[in-house]
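Below is one structure, written out as structure tokens; the observations come after it.
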Amino acid sequence: MSKLQDVIVQEMKVKKRIDSAEEIMELKQFIKNYVQSHSFIKSLVLGISGGQDSTLVGKLVQMSVNELREEGIDCTFIAVKLPYGVQKDADEVEQALRFIEPDEIVTVNIKPAVDQSVQSLKEAGIVLTDFQKGNEKARERMKVQFSIASNRQGIVVGTDHSAENITGFYTKYGDGAADIAPIFGLNKRQGRQLLAYLGAPKELYEKTPTADLEDDKPQLPDEDALGVTYEAIDNYLEGKPVTPEEQKVIENHYIRNAHKRELAYTRYTWPKS
């Protein structure tokens with residue numbers, strides 16, 4: 001293992017193997033402890049995309065909220081559907097929601113807000129690319145979740161995990177923004193393992209991962225966008241050997257996107273060297 005890989009493995013906290021029952025218990029306890037430590041929290045808010053990550057986090061949150069209520073703590077889980085117009089994988093979103101069984105479902109179509117933002121920028125002489133418009137979608141989705149959380153005395157739960165964090169494969173202040181990120185420390189295959197253990201439909205955790213933000217490239221697989229497979233990323237995070245080409249791609253993503261893993265730099269925190 002190279003020195004940089006060792007540093008990254010330590011930072012990303014991924015275990016070489018996990019016990020599903022123990023891991024789920026730890027994840028639920030983290031969520032519950034956070035809520036119990038902040039008496040103002042009356043709701044937890046999460047956007048549901050129909051993919052592996054939001055399905056897993058949604059199920060964990062609902063299980064945690066159920067236990068909190070049994071312990072006398074008043075708390076609600078709000079699952080949010082955030083389509084941009086008509087969502088191509090809407091059936092999978094509904095399948096995920098049936099599995100999660102959230103207390104409450106809110107649907108907000110982000111298309112009018114995103115299109116107006118893009119148009120307003122265009123009128124100001126700023127013409128966004130399709131990729132940049134995709135980031136607008138991600139930020140609008142997170143803005144809506146924080147608005148709901150503010151209205152309902154809640155917090156926003158994120159879906160960031162270590163296979164995503166290492167590559168910076170998320171929108172800064174978009175899907176990368178949240179109050180808590182329960183599944184950080186898991187890689188992609190471990191997330192699948194937990195969903196299988198929880199009895200999720202195979203379609204939800206065997207689905208090809210995609211951010212699906214670009215109009216010109218609908219359902220673009222994450223692995224195509226990243227230039228490396230999740231299998232390689234997972235192996236790297238577990239301290240296993242990968243090919244030199246895979247190592248270079250992963251480490252380049254890690255270095256280039258370091259700013260996404262930090263709050264705004266100050267003159268005291270900017271790593272100049």
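The chain as shown is numbered from 1 upward.
Just so you know, glycine gets a Cβ as well, placed from its N, Cα and C.
Going by what Swiss-Prot states, the ATP site holds Gly47, Ile48, Ser49, Gly50, Gly51, Gln52, Asp53, Ser54, Thr159, Lys188, and the candidate of Thr76, Thr171, Thr210 recorded there is Thr210.
Around the Cβ of Asp179 (deamido-NAD(+) binding site), the same chain contributes Ala149, Ile155, Val156, Val157, Gly158, each under 8 angstroms and 6 or more positions distant in sequence.
Maximum C-alpha to C-alpha distance over the listed ATP-binding residues Gly47, Ile48, Ser49, Gly50, Gly51, Gln52, Asp53, Ser54, Thr159, Lys188, Thr210 is 19 Å. Lys260 (deamido-NAD(+) binding site) and Asp53 (ATP binding site) are 19 Å apart (CA-CA, integer value). Separation of the C-alpha atoms of Lys172 (deamido-NAD(+) binding site) and Gly47 (ATP binding site): 16 Å, rounded to the nearest whole number.
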